[in-house]
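Swiss-Prot has this to say about the protein:
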SIGNAL    1-25  signal peptide
CARBOHYD  N103  N-linked glycosylation site
CARBOHYD  N183  N-linked glycosylation site
CARBOHYD  N233  N-linked glycosylation site
CARBOHYD  N268  N-linked glycosylation site
Amino acid sequence: MRAERMSPLLALGLLVSGLCSRVHCLPENVTPEERHKGTSVDGHSLASSNTDFAFSLYKQLALKNPNKNVIFSPLSISIALAFLSLGARGPTVTEILEGLKFNLTETLEREIHQGFQHLLQMLSRPSNELQLSVGNTMFVQEQLKLLDKFREDALALYTSEAFSTNFKDPETAKSLINDYVKNKTRGKIVDLFKDLDPLTKVILVNYIYFKAQWRTPFDPKQTYKSQFHVSKNKTVEVPMMSIGDLVTPYFRDEELDCTLVELTYTSNDSALFILPDEGKMQDLEAKLIPEMLTRWRESLYPRGIHELNLPRFSIATDYKLKDILSQLEIKKVFTQEADLSGITDDHELEVSQVVHKAVLDVGEEGTEGAAATGVKVGITSINNHIPLSFNRPFLIAIVLKDTQSIIFLGKVTNPSQA
């Protein structure tokens with residue numbers, strides 16, 4: 001009987017690394033106009049669903065990891081699960097796509113995949129202002145034959161490579177996959193998989209590497225040691241970056257008791273830093289919805305900031321998402337009821353785990369050999385008496401401008417913890 005079998009396993013590995021640094025790199029061949037043109041309404045609809053999924057997943061991760069740093073890439077997870085859904089059928093595919101916050105009564109499944117195809121094409125455009133690598137890869141057990149339709153769609157829609165792998169030798173397979181991942185993320189992600197089950201048949205990997213430079217850099221000489229208030233009873237010493245007389249998008253949200261500042265990169269992408277008032281973090285987290293992000297973006301307006309203080313930090317996280325995704329109603333794919341018959345003729349395939357590893361560095365360090373120039377804008381006609389210090393837990397969202405995709409989302413509770 002099906003209930004008594006030992007299920008062949010499919011694992012998803014999700015990995016992402018990002019660095020936010022200070023060097024102003026001048027474009028050589030690609031103009032901002034060339035990079036940004038082509039964004040469609042469909043792309044914004046996709047971004048809306050991805051944002052809804054991002055906030056839902058964030059709430060679960062924050063709930064499961066109280067008083068800890070939370071950093072993940074909703075974009076990476078969305079792409080990987082959408083990729084997986086290519087091979088899902090029946091209630092399994094419905095759960096995955098609805099869990100990703102798509103309305104299947106309004107949007108055809110094929111249109112969703114075409115939306116991700118367009119998104120990946122946008123992300124793959126070359127730029128001298130931004131280092132961004134996104135890819136999908138399949139590691140397939142030797143002798144296992146993928147269905148032609150799945151292989152073709154995986155390549156056409158998700159530009160996925162496929163590598164034959166001997167999972168019956170789990171140590172060798174693990175080294176192969178981890179080395180591949182390490183190479184694709186410039187050494188930032190190591191040991192994505194700690195161990196592999198010899199019953200594994202397929203591993204789907206999505207990776208994202210992101211590195212950008214601040215449009216207006218921080219001066220390392222201005223970085224100083226300062227106290228960060230992790231909680232009422234705990235403070236830690238952190239390197240605090242500082243910049244004065246800065247003009248940047250700013251918004252004071254009296255309704256949600258928080259302050260926002262947006263720092264842009266030379267690529268016009270941006271990092272949104274959200275500082276709740278003392279004791280208001282949980283209230284803010286409970287109200288995270290896509291409409292709130294839209295309201296924030298519409299309300300941000302350039303203001304003069306007398307002094308901005310932001311901790312320099314490097315945070316790494318490692319999550320197993322099976323239980324958390326189940327809370328978002330993505331369940332069947334992890335059980336013997338999974339229908340992944342669109343991947344292979346082996347109809348007893350199921351997902352064993354979704355592993356996500358993220359690394360995010362925010363600092364003033366630059367790229368070796370690049371030009372290190374940043375331009376400050378004069379603010380004589382703008383109120384420049386606003387001081388802002390991120391010296392207690394705050395939220396961060398890194399948004400790609402041309403697709404409105406959240407590439408990173410998280411909470412910095414303790415910048416001193418790697």
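We count from 1, first residue shown onward.
Cβ coordinates are placed from backbone N, Cα and C, and glycine is handled just like the others.
Shown here: features listed in Swiss-Prot, placed on the structure.
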{"residue": "N103", "record": "N-linked glycosylation site", "contacts (Cβ under 8 Å, 6+ apart)": "none"}
{"residue": "N183", "record": "N-linked glycosylation site", "contacts (Cβ under 8 Å, 6+ apart)": "none"}
{"residue": "N233", "record": "N-linked glycosylation site", "contacts (Cβ under 8 Å, 6+ apart)": "none"}
Packing count at N268 (N-linked glycosylation site) (other Cβ atoms within 10 Å of its Cβ): 16
